[in-house]
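Notes follow once the structure below has been shown.
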């Protein structure tokens, strides 16, 4: 009976995205450009917020935390996907597969809490401006960050707990380009229908629940601003619209996946590419182009880098 707790499958084989050479080439260029842009954009945001005194505020602290998470989000699956595009045998070790699942759920959990924290930050800024710095103190910001990481890691460990007593002794082919927990459960030697249902409900409930919390909070904020509208609110509303855009980009793909009655493998792959490559790229774009202070800070950072290169 001891063998039931040990996997005899040492690696998993990915079917990948497509067998078309032309589409693979397009995906290689598309994914590589967006990956480099995502890394560069998010590093610029983290560096700008860290070094520029003009951005030392709660809102930008949370934004830098989100960009740090996005650095991980675009690095968990994208590099291997790009590396495997033209490989005939796309494999990942059992440990590598578990690591992918762990980090995917950690990053997803942390990002959800950070988006809630950013919504709360905008609520305080717009509805209680006189108490903003008192409520959104450094201690409060660090508490948000600690809660985000605690819940993210806890959620991921809870998801992985489903795999503890499962044996993988036969098929090892995943119709994907990364390790997805529901697909991995289907490869187990035992009946995992209930486990698949629990995993889907757990992730779907958290995703949909968080989305509606954010939706209600943004509607409440907009209603409050509309009641006390003034010219000084335009800047805050612009920031709020940027937050709303990021929320839609983040929750759109997973909500579509978890709420559909009939999953579609090709559609899931497309949404996974969107989630893994495009969303981390669009986040810094949305926040940068819609925020004058952030654009000014990035320009100052670029000037400093140019001066540093000239000196060196």
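Each residue's number is its place along the chain shown, starting with 1.
Here the Cβ of each residue, glycine as well, is placed from N, Cα and C on the backbone.
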Per Swiss-Prot, does residue 20 fall on the same side of the membrane as residue 86?
yes
Checking feature assignment: transmembrane segment per Swiss-Prot, candidates 170-189, 270-289. Which range matches?
270-289
With pairs 6 or more apart in sequence, are the transmembrane segment (101-120) and the transmembrane segment (270-289) linked by at least 3 Cβ pairs under 8 Å?
no
Taking every protein chain shown into account, which of the disulfide-bonded residues 97, 189 has the largest tally of Cβ atoms within 10 Å of its Cβ?
97
